[in-house]
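A quick write-up on the structure given underneath.
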Amino acid sequence: MDPLILSFALVNGLLIGGIYGGVALGLSLIFGVMRVVNFAHGSLLMLALYAAFWLQALAGIDPYASVVVTVPLLFAVGFLIQSVVIAPLIRRESALVVEPLSALLLTAGVYLVIDNLALMAFGPDVRSASTSLALAPLMLGPIPVNMQRLIAFSAAILAAVLLSLWLRSTRLGRAIRATAQNRDAAVLSGIDVPMIYAVTFGIGAALLGLFGSLLATFIPITPQVGLSFGIRSFIVVVLGGIGSIPGSIVGGLVIGVFEALASQFVPATSAAILSLGLFILILLVRPSGLMGRA
Amino acid sequence: MTTARPDRLRSPTVPRPDEIRAPSLPAAPGRRPRDAGTGFGTLGLIALMTLAAMALPLVVTDSYLLHSCIVVLFFAYMATAWNFVCGYVGQLSIGHAMFAGIGGYATVLLFTGLGLSPWLGMPVGGLLAALLSVVVGYPTFRLRGPYFALTTIAFAEMIRIWVENTDTVLGIPLNGAAGLTVPLRGESLAALQFNGKAPYYWVIVGLLAGALTATWWLEHSKLGFYLKAIRGDRDAAESLGISPARYQLVALAISAFMTGIGGGFYAQFFRYVNAERLIGVDLSIDMALMSIIGGQGTVFGPLLGAVLLAPLAEITRGHLGGSLLGLHIVVYGIILMLAVLYLPKGLIAPLRSLLARLGLLGRGGRR
């Protein structure tokens, strides 16, 4: 195999992998704090992609500029989903931890509603947004690097770093971590737990708002696009360690590079099947995930 | 950030339950902790319902109506198969359709490739599904947390996408997104092909009766008691020497076997399989949703859920399908959310207390 082609695949795999990791960040954060697997994760990304598309189609706003709208918009959507749909379930549960399976089913209902409302509202057509910025590929030696992917990749790394710092150093971040560790003790310390949950869900969704805007320029936008990203995110977080922020990025990079390299030898769809094998292998050898604490 | 705590591997010093049982104790038939009478009441009810259902084609001759009945019973069968594992072990599968897919594809391919009768192809497909279920269940049942649920959906979707994009694999034609058709052989019992609807109807009634009986058996078997113990308190069950991973895996394999046979029936009845409908997430969610709405962890709950929901889907699709694509699934999603929030035990619980109040149900009618 030509080393140039392989290194090109490697660079592409790293970029795509970082993006997978960035998309999975919110899923990991929400699970880490609330023990809720958000099945509607991909659907929220789909909403953000459509928001970016319509902002350009109707108001002429460049997808990269639409971040100022999509991020607050998705924060609000996430905040609402948590406080209207999931909060009643958490209130019902007297135990420390929500029964995760009920929450998973509940968010599966959210997924069904959002995806099919989008299908009804936007139709099954494939859409795409384009940016007016001139983004010539960056040459890394002989290897061309797609700028749109590089921007999204950098945003993913930056978002993970900033999120970790924010959780570590701010008052609200500490309150979120305290709630994650022990809900009842957090209540006793005067933390408004329902509010923390809603804010956490909002932040998880707002991250998808960011990636919706950044991915809109090179991802075909359909009402079904969310599920495939959601599934990829599930694999990424389990691989990296559920609830771990750096694990999310590492898991994404591993899957991205593995698929890019494997697809040099087998068709791309078979490479995806091989990544399932990798997934099972890691579950068997290191069930807490690559970056999870055992 | 917190991380999920994986279940530490079972200590090898913990004896297996069959080692605990003193060898001098014979497996006496009367050792069942519950009164057997109630259980056989349930079994009698299954037999009675089966007989009554079998007689239906003698009265109903309208082909469309019979077709709809078959679809409803197919969903009831699939939901019952899903319930066999998910209703009893407290784990959620959102990818059960992959077992249906492997069963359906195997049945068709064995028939077209080797000329194997679907009567044999269906159980072979079921066994392949059980094999796949072990691949999914073995690594994940050892762990606590949502690993099993996430792995089932990940596997099902990846397999669906793979099948949709693969025309041949190792010389076996999968035919990609177009799917496979079952070649017509005319009226043939051996090829499980009939001109009328009634024979298909009898087959699915038979399958459903089998699945209900299997669920009844589970509730009264040692396996069922182990599963209840694991669901109630995993640590306590483990300390008594019950291996959660092992017994959950057994239940999953049986459930996958039944689901695989259901996929084979689907292939024979529609004479067509494709990845989107047979492996897609919609079928997986249908199976889960019907069990949950009806009442998971009960013998008749999934049947009740299917009888209520499958016609609803048929009606909304028929009346609104053309104009409002996806509306019936939105309705489904809302029903699912309301059920999880306000009716976690399913509709069978209030129905039971109503029947009990009317004096139609005996003291032991809890199940």
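Cβ atoms here come from the backbone N, Cα and C positions, even for glycine.
Marked as compositional bias 'Basic and acidic residues' by TrEMBL: B:1-21. Annotation comment: TrEMBL describes B:1-35 as region 'Disordered'. Among the features that TrEMBL reports, transmembrane segment is placed at B:40-59, B:65-85, B:97-114, B:120-138, B:200-218, B:249-269, B:289-312, B:324-343.
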With an 8 Å cut-off on Cβ pairs and a sequence gap of 6 or more, do the transmembrane segment (B:120-138) and the transmembrane segment (B:40-59) reach 3 or more such pairs?
no
Please indicate, using numbers and ranges, the residues of the same chain that are 6 or more beyond the transmembrane segment (B:289-312) and have a C-beta under 8 Å from a C-beta there.
42, 46, 68, 71-73, 75-76, 78-80, 82-83, 86-88, 208, 212, 215-216, 219, 328, 331-332, 335-336, 339-340, 343, 345-349, 351, 367
Output the single range from B:97-114, B:200-218, B:249-269 maximising the number of Cβ pairs under 8 Å to the transmembrane segment (B:40-59).
B:200-218
What residues in the same chain, six or more past the boundaries of the transmembrane segment (B:200-218), come closer than 8 Å to it by Cβ-Cβ distance?
39, 42-43, 46-47, 49-50, 53-54, 56-57, 66, 69-70, 73-74, 76-77, 80-81, 83-84, 88, 192, 194, 224, 227, 251, 254, 258, 261-262, 265, 268-269, 299-300, 303
